[in-house]
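The block underneath contains the structure these notes are about, expressed in structure tokens.
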Amino acid sequence: MLFALPFPAIDPVLVEIGPFAIRWYALAYIVGLLGGWWYTRFLSRRSRPPVMSDADVDDLLVWATLGTILGGRLGYVVFYNAAHFLANPLEIPMLWHGGMSFHGGLVGVITATVLFCRSRRLSVARVGDLVALVAPLGLFFGRLANFINGELFGRPAPDVPWAMVFPHGGPLPRHPSQLYEATLEGLVLFCLLGLLWRFTALSRKPGQIIGLFLIGYGLSRITAEFFREPDAQIGFLALGVTMGQILSLPMILAGIVVFVVARRAKPLAVPGGR
């Protein structure tokens, strides 16, 4: 080991009052959801015609939150630690012990969004486009929280100047892969989709943004996984791939299908509108 940046000594607990503690991870969820709520309102109002009312956006936040938490937890249980939870089923609802899966959360949010739109008679494609536009914002804050917690760290990288020794990652300096993911899945995808929505006619054919999000996230995750240490209970799979990469491949394929189908549809009959 020639050089390693010191890992910032940040307490995972932001505020502790008696038996109650607010962790950075919880704060990341709150900031991501509230930021997404505000941005969804902004995008809906700018659309012509508006995608939904402000009251609908408020209700969608509740549906999306439940979908994220339930789907994320069940996804982790099924994809990443099924044997453990089969032996200890009472631990499944113990979210404070950690263990959430993005891919499970995605399925949960999609399910919640479809059910919500059907209950309000809203366009699934138009609402879905807005959800896809705001999702990278939540991913950005979530990955920053992973970094603060010192979890989901990268693979050993003793020759990388910005490598860090993580508290639970052994003596070797490692890639700060959480920051890579925050950049790719968060900032880059957020800016790219936002620019496409603002300066192209993609929103005239609802569903195209959804497809691009699925493709963009899948490619970003597969790339970041080359630097991220796989989960200890799973390790590397066949040919050295990781579970995250395997789960991201169907996302890319689904994104291509969604984009092509949406692109072939008739555009919204709103001259110059979004």
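Placed from the backbone N, Cα and C atoms, the Cβ positions cover glycine too.
Taking Cβ pairs closer than 8 Å, the transmembrane segment (24-44) reaches residues 10, 12-14, 50-52, 54, 57-58, 60-61, 64-65, 130-131, 133-135, 137-142, 144-146, 148-149, 197 in its own chain, all 6 or more past its ends. Annotation source Swiss-Prot lists transmembrane segment at 24-44 (among others).
Listed by sequence, the residues of this chain that lie at least six past the ends of the transmembrane segment (60-80) yet keep a Cβ under 8 A from its Cβ atoms are 33, 36-37, 40, 52, 92-93, 95, 99-113, 115-116, 127, 131, 138, 231, 233-234, 243, 247. For 60-80 (among others), the entry in Swiss-Prot reads transmembrane segment, with the evidence type sequence analysis.
The annotation transmembrane segment is assigned in Swiss-Prot to 96-116 (among others).
Panel annotation: around the transmembrane segment (122-142), residues 25, 28-29, 31-33, 35-36, 39-40, 43-44, 47, 51-52, 56, 60, 64, 68, 102, 109-110, 113-114, 116, 181-182, 185-187, 189-190, 193-194, 197, 203, 206-210, 212-214, 217, 262 of the same chain, lying at least six beyond its termini, place a Cβ under 8 Å from a Cβ of the stretch. What Swiss-Prot records for 122-142 (among others) is transmembrane segment, and it gives sequence analysis as the kind of evidence.
For the transmembrane segment (182-202), the residues of the chain that approach it from at least six positions outside its boundaries are 43, 129, 132-133, 136-137, 139-141, 143-144, 147, 208-209, 212-213, 216-217, 220-221, 223-224, 267, 274, judged by C-beta separation under 8 angstroms. The annotation transmembrane segment is assigned in Swiss-Prot to 182-202 (among others).
The transmembrane segment annotation in Swiss-Prot covers 207-227 (among others) and rests on sequence analysis.
Swiss-Prot lists 241-261 (among others) with the feature transmembrane segment, giving sequence analysis as the kind of evidence. Cβ atoms under 8 Å from those of the transmembrane segment (241-261) belong to residues 79-80, 103, 106, 207-208, 210-219, 221-222, 225, 228, 230-231, 234 of the same chain, restricted to positions at least 6 beyond its ends.
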Contact set, same chain, for the transmembrane segment (207-227): CB under 8 Å, 6 or more residues outside the stretch: 102, 125, 128-129, 131-133, 135-136, 139, 154-155, 157, 175, 177, 180-181, 184-185, 188-189, 192-193, 196-197, 242, 244-245, 248-249, 251-252, 254-263, 265
